[in-house]
Amino acid sequence: MGAELLVVCHGLVTALIVVSFLCGRWPIFEGTFIQRFHYFLTFGAYDYFLRFVGAVFGSNCTNAVLSVEYYCCDRPNPLLQIIYLVIISFTYYFVAKSSFVYIPGYYLSETHKYTSFLAGAVGILLFLLTSFSDPGTIKSENVSQYLAAYPYDNIIFSEKECSTCKIPKPARSKHCSICDRCVARFDHHCGWMNNCIGERNTRYFMAFLLWHFLLCMYGTMTIGLILAGRLKELKVVYILTVYYGIENSFLDLAPHVVQWLLGSYNTQILLIVFLAIVGMLLAGFFGYHTKLCLSNTTTNETFKWQEYMDWQRKLKEAQASAAALRQSISGMNGEKQPSSSNKWKAFFKRSPLEDVVVVKNNVYNKGFLHNIREVISPLSTRRSFTQTKLKSR
């Protein structure tokens with residue numbers, strides 16, 4: 001039973017670390033242990049590590065660590081790309097080594113040996129396509145076309161010049177400090193791709209997320225069907241009920257079946273847990289970016305809108321408070337002593353701050369179908385974009 005308990009604990013700890021690290025800043029985890037553990041993993045542990053290095057090895061070693069951090073986090077580098085290739089390669093290796101021996105099986109045909117390889121190859125192809133495709137780099141040669149394609153809304157985007165590239169900065173663009181270039185319809189810089197996600201490669205990034213989610217679900221269900229087939233082929237349920245006298249019901253059989261699976265197929269169980277966790281995380285990322293695409297918003301614009309909305313809300317709250325204060329002062333000067341009933345009415349009166357509403361006016365949101373088309377067929381890939389270039393000459 002010790003080995004089974006170890007496997008379960010390993011799965012739970014892995015799930016806690018992965019979810020805390022990747023999802024700890026989500027609003028649903030605000031104020032919870034997940035958020036605090038995320039802060040420890042992303043900031044606290046590293047800060048303690050730097051203090052330890054400085055105290056034991058001196059400032060020179062601390063500077064060396066900071067140089068490594070700068071290279072890994074602030075400069076283009078293939079580190080996470082290599083980690084991705086290692087993860088997907090080793091995962092496929094362990095799946096093939098531990099599970100292909102049971103294919104064909106009770107529920108699966110031999111074709112799954114080949115479809116699994118093909119599915120993994122497509123995933124790597126989408127990864128390479130996203131990593132090495134142009135995200136929509138803005139240069140002096142095409143800046144006029146991007147200026148025409150993305151007009152300023154004068155809310156979160158206004159006319160200005162990129163201080164680094166020394167060219168006009170089209171709306172929805174951003175200068176990536178890591179890649180050192182301006183990117184049209186900038187979403188974010190993805191370390192896993194070692195590339196920016198922008199106007200021209202958002203479609204590949206979305207395909208990457210969706211395909212890898214389906215790949216994880218395919219792996220989870222395939223291994224699950226392998227284990228279900230082994231239960232059938234080895235007649236585990238029959239043996240438990242006939243020879244061990246266990247009641248033929250789900251609640252009575254489940255603990256014994258799980259114990260048998262953990263003891264005999266612990267590698268497959270670990271793979272199922274790993275693939276299920278990664279699949280759920282990918283589903284969350286894909287759902288989030290799908291929501292952005294449907295409203296024609298980017299991750300970068302989400303932060304800009306949040307800052308703008310917070311500023312507008314504070315401004316309107318200040319105006320409402322000032323108006324309420326003036327009304328209260330004028331009422332005190334012009335009215336006689338209020339009765340007890342008026343006091344209770346004033347106590348339960350709705351606060352003017354509750355009526356403060358800030359409206360998000362996203363001029364780039366032109367409807368569901370148009371927004372989807374803009375992702376699948378970026379503006380810079382259309383003939384009209386080239387015609388704009390010819391007219392500008």
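Glycine is no exception: its Cβ is also placed from the backbone N, Cα and C atoms.
Record features, source TrEMBL:
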TRANSMEM  7-28  transmembrane segment
TRANSMEM  48-66  transmembrane segment
TRANSMEM  78-95  transmembrane segment
TRANSMEM  115-132  transmembrane segment
DOMAIN    158-306  domain 'Palmitoyltransferase DHHC'
TRANSMEM  204-228  transmembrane segment
TRANSMEM  269-288  transmembrane segment
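A Cβ distance under 8 Å defines the sequence-distant neighbours of the transmembrane segment (115-132), meaning residues of its chain 6+ beyond its ends; these are 81, 84-85, 88, 92, 95-96, 190, 193-195, 197, 201, 204-205, 207-208, 211-212, 215, 218-219, 222. Helix, strand and coil content of the domain 'Palmitoyltransferase DHHC' (158-306), in residues and according to DSSP, is 91 helix, 14 strand, 44 coil.
Same-chain residues lying 6+ beyond the ends of the transmembrane segment (269-288) with a Cβ under 8 Å from its Cβ atoms: 7, 10-11, 14-15, 18-19, 22-23, 91, 94-95, 98-99, 206, 209-210, 212-213, 216-217, 219-220, 223-224, 261-262. Only residues 6 or more beyond the boundaries of the transmembrane segment (48-66), in the same chain, are considered here, and none has a CB under 8 A from a CB of the stretch. Summed and averaged per residue, pLDDT over the domain 'Palmitoyltransferase DHHC' (158-306) gives 93.
Within the chain, the transmembrane segment (78-95) has long-range Cβ neighbours (under 8 A, six or more residues past its boundaries) at 72, 116-117, 120, 123-124, 127, 131, 191-194, 219, 223, 267, 271, 274-275.
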